[in-house]
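A.B. asks: TrEMBL feature annotations, pasted as is:
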DOMAIN    27-330  domain 'Glycoside hydrolase 35 catalytic'
ACT_SITE  E174  active site, proton donor
ACT_SITE  E254  active site, nucleophile
DOMAIN    378-489  domain 'Beta-galactosidase 1-like first all-beta'
DOMAIN    520-577  domain 'Beta-galactosidase galactose-binding'
Amino acid sequence: RDIDTTLRSFQFCCERSFSIDYKNNCFLRDGKPFQYISGSIHYSRVPRYYWKDRLTKMYMTGLNAIQVYVPWNLHEPVQGTYTFEGDRDLEHFLNLANQTGLFVILRPGPYICAEWDMGGLPAWLLQNPNITLRSADSDYLQAVSNWLAVLLTKMRPWLYQNGGNIITVQVENEYGSYFACDYNYMRHLRTMFRAFLGEDAVLFTTDGNTDKELLCGTLQGLYATIDFGTDTNVTTAFSRLRKFEPYGPLVNSEFYTGWLDHWGDQHASVDTQKVSRMLSDMLSLGANVNMSDHDTQFRPVVTSYDYNAPLSEAGDPTDKLLAIREVIKNFRDIPLGPIPPASAKMAYGFVNLQKIGNISGLLDTLSPQGPVRSQNLLTFEEMKQSYGFMLYRTLLPRDLPHAISLISPVNGIHDRAYVSVNGVYQGVMERDITLAVNVMGRRADQLDILVENMGRVDFGSKINDQKGLLGNLILGSDVLSDWLIYSLDIDGAIQSGWPQSMRKDIHLFSETDGGEESGPTVYSGTLQLPGPAHDTFIKFNGWMKGQVWINGVNLGRYWPQRGPQQTLYVPGPLLSSSVPNNITILELERAPQHRRVLFMDRPQLSKTTAPS
């Protein structure tokens, strides 16, 4: 009986295959023609609790596959230290997709873009100032090789031919858009992917719909695909692809059903009818479809990744999703039954907050290791800090009875700097926008500059985006020097229970008179739920700009004045119905007199459009 079982397992394994049929211009699954209709989902942006819910909704829409990015910096945040637990448990996510009936198109990078910090590359790479990213640079290749050896070893059992659900694997991502155009780098990746995944794995590239991008991004032995949205002619786009792949399946690896928001933009929207019409056109051609940036100046992306997508950030089906389902019905049998409904939402109302203290006065807690003394300014990377905030401190070199400009002459504010003298807020400096601020004070007064990392560039030639104060700061005619530089671990402090753990210290909560506060200041409060925990959205009426944590989890940035995003999504599983929920806010510019936040039952992602 054991021998029979082994033989049946061997036969089952050997019958499974996924390949490209160049003669008939299609994929083959187990020797039969196969067309995938896929949707992108970022497990790194969805709470683990909701993974099954999102996958089920995608399956019930009629999709037979999902496309999955793997952010390198999520799994190797510190060089040589790998983490695949909890919300980073990629194999658990793949298993849930398999149970749901969804094949997987894996996009492991090492560069992924995805509006993710540094395109998924870990910031610790920049501790080497001479490294050339996404190239055959030996230091970069060594780091990539170490990472892929870990990741691809985990992924090999999940390949379809090995009994899993991964049908294709992307090598790099939109490499033709990168300045390097280094074929030796791409050859190195191809060799590594083949070594770890085997000769039978279907490997592919994805590039934009231009000759230049396809020329630099494609490589023999890697199947070429393209990406484009509703503003492109389908026939023209696929004709260009045929110049590089004369035979084989047509593939649009990123069909843009939505788009991202930058701070200061209008909320993006892609027309549902255009999406439906173009999807139908591509499927009629037999194409395989997956539905899913540094400009002239630094343009940070908002926290919300709602993207005007068919499934909202909270996992709610939209009219666009239903329209897509109607199109798919015409091309394949879809599961019977309705798509699971939207999750319950709750408006919990207002929560009052109390002042904890100014950042400059909380350094013993937020930077317990103390400062580094340096004559010159040091970047985040030189301080071995990847994200968050750093505080730079020095003394005024002379009396300043009248306002004098503090200037960054080389546009070295990366990305926003909040300036105080002896605890009195002076103003903000901002990369590419505000390179000077006026300050006043007396000789030997304490000058504090809190620098916020707003996220590294994720696309283009400037992904080697260092953070902090780059180059000298000049005050009048003086070049400032002799710095104390504090790495702040605000996330770590809050995760360990601060500031709620210090409520008994009355000094922390002595300033509750409701007056306006200016400069980087921490506030805290609690939300007691009246019943079960549900999804909700937090809004910041009257607040300027800052960051919010709930129960130790960093939810992201708020910036209602610049917008468009006005609320942050709070997943229900993050909240407790049995104990008070801790809310911590770092307001960077000025808190409102009312010092309260509002929990709503719907998102507001636009400054001008009322919640819907």
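Placement of Cβ uses the backbone N, Cα and C atoms for every residue, glycine included.
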A.B. asks: Which residue counts does DSSP yield for the domain 'Beta-galactosidase 1-like first all-beta' (378-489) in the helix, strand and coil classes, in that order?
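C.D. replies: Final tally across the stretch: 0 helix, 56 strand, 56 coil.
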A.B. asks: Could you give the number of helix, strand and coil residues in the domain 'Beta-galactosidase galactose-binding' (520-577) as assigned by DSSP?
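C.D. replies: Per DSSP, the residues of the domain 'Beta-galactosidase galactose-binding' (520-577) fall into 3 helix, 27 strand, 28 coil.
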A.B. asks: Roughly how many Å lie between the Cα atoms of E254 (active site, nucleophile) and E174 (active site, proton donor), rounded to a whole value?
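C.D. replies: Between the Cα atoms of E254 (active site, nucleophile) and E174 (active site, proton donor), the distance comes to 11 Å.
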A.B. asks: How many neighbouring Cβ atoms, not counting its own, are there within 10 Å of the Cβ of the residue listed as 'active site, proton donor'?
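C.D. replies: Other Cβ atoms within 10 Å of the residue listed as 'active site, proton donor': 23.
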A.B. asks: Please work out the number of neighbouring Cβ atoms within 10 Å of the Cβ of the residue listed as 'active site, nucleophile', leaving out its own Cβ.
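C.D. replies: So the Cβ neighbour count for the residue listed as 'active site, nucleophile' comes to 22.
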